[in-house]
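Here the structure is laid out as structure tokens; the discussion comes afterwards.
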Amino acid sequence: RYPTMAALNQTSLQPASFLLLGMAGLEDLHTWLSIPFCLMYIAALLGNFILLFVIVTERSLHEPMYLFLAMLAMADLVLSSSTVPKALSVFWSLSKEISFHACLTQMFFTHLSFIAESTILLAMAFDRYVAICNPLRYATVFTHSLIARIGLAAIARSFCVMFPTIFLLQRLPYCSHSIMPHTYCEHMGIARLACADISVNIWYGFATTLLSPGVDIVLIGVSYVLILRAVFRLSSKDAQLKAVGTCSSHACVILMFYTPAFFSFFTHRFGRNVPHHVHILLANLYVLLPPMLNPIIYTMKNKHIREKVSQVLFRTGQ
């Protein structure tokens, strides 16, 4: 049985801070794990900053597809920077402590940037659908004002989904439970430390996962089915290959973004038999792998961006 609220009010409701343990069970490997984490984070920062710089400064890239890429780069920078510096601090035993409110702030920005990125990926899928299936209407549909509204909608949607979780976690009593076997704070990781019924948190987290990234991935899937159907109606083999090539980079990004993320979300609810260090490792991959690989994949797949990035790197190298 859970203690009564009156009894809980007499004990400690919120801990002053949490202690992050990192990869519980793999403490001996923390120093070694920090090396790929640090290198991937540096690659993510460099890749996304270069991509942003090139898109912002090059007027020929002020087109819908590239503006969405700039939004994706910003979301990636927030997603990785919300989590990786603290994870490295834990691995290097510099500071394993995080205050309760700093933990909530980290949780909020991590999930907010994830949902925003999911929204942007959906917008990019719709962008590809219109470009391939209805090219004559593309310029009239994807105006700069629409892209600005999509960017604001991504932020507003993420904020509306995540803001209630702050209050859902603040209302819980923690009874001095302050040791978190993780490298960063996430909604269910914090909620599971509570010494009260967390059913509301579980169901809210489950509902928002299904209704935001869940709905996004279904709509992205539908758009790609329609794209492929349109592609294979094209008479030209070259046109088919070009269209498939354009979409393949987006499909790669979607797979590596959603797979570890959904695994992590559902492991919190149902994965009692999943080894804890496997869960934590995948929870770190979804905040680190997409931010590192997105700029690489899009630069390699897009000739225009590749040329502009090469020019920037060549100028700075001189």
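Backbone N, Cα and C atoms are what each Cβ position is placed from, and that goes for glycine too.
Beyond the transmembrane segment (29-54), the same-chain residues lying 6 or more positions past its ends with a Cβ under 8 Å from any Cβ of the stretch are 22-23, 61, 69-70, 73-74, 76-77, 80-81, 84-85, 87-88, 90-93, 284, 288-289, 291-292, 294-296, 298-299, 305, 308-309, 312-313. If you look up TrEMBL, you'll see 29-54 (among others) marked as transmembrane segment.
Annotated domain 'G-protein coupled receptors family 1 profile' per TrEMBL: 47-298, in sequence order.
According to TrEMBL, the feature transmembrane segment maps to 66-88 (among others).
Per TrEMBL, transmembrane segment is recorded for 108-126 (among others).
The annotation transmembrane segment is assigned in TrEMBL to 146-169 (among others).
According to TrEMBL, the transmembrane segment annotation covers 210-232 (among others). Cβ atoms under 8 Å from those of the transmembrane segment (210-232) belong to residues 114-115, 118-119, 121-122, 125-126, 128-129, 132-133, 157, 161, 239-240, 243-244, 247, 251, 254, 258, 261-262 of the same chain, restricted to positions at least 6 beyond its ends.
Residues or ranges marked as transmembrane segment in TrEMBL: 244-266 (among others).
Under the heading transmembrane segment, TrEMBL lists 278-298 (among others). Residues 22-24, 37, 40-41, 43-44, 47-48, 50-51, 69, 72-73, 76-77, 79-80, 82-84, 87, 110, 114, 117, 181-184, 186, 249, 252-253, 256-257, 260-261, 263-264, 267-268, 271, 305 of the same chain lie 6+ residues outside the transmembrane segment (278-298) yet bring a C-beta within less than 8 angstroms of a C-beta in it.
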Proximity verdict for the transmembrane segment (244-266) and the transmembrane segment (66-88), three or more C-beta pairs under 8 Å
no
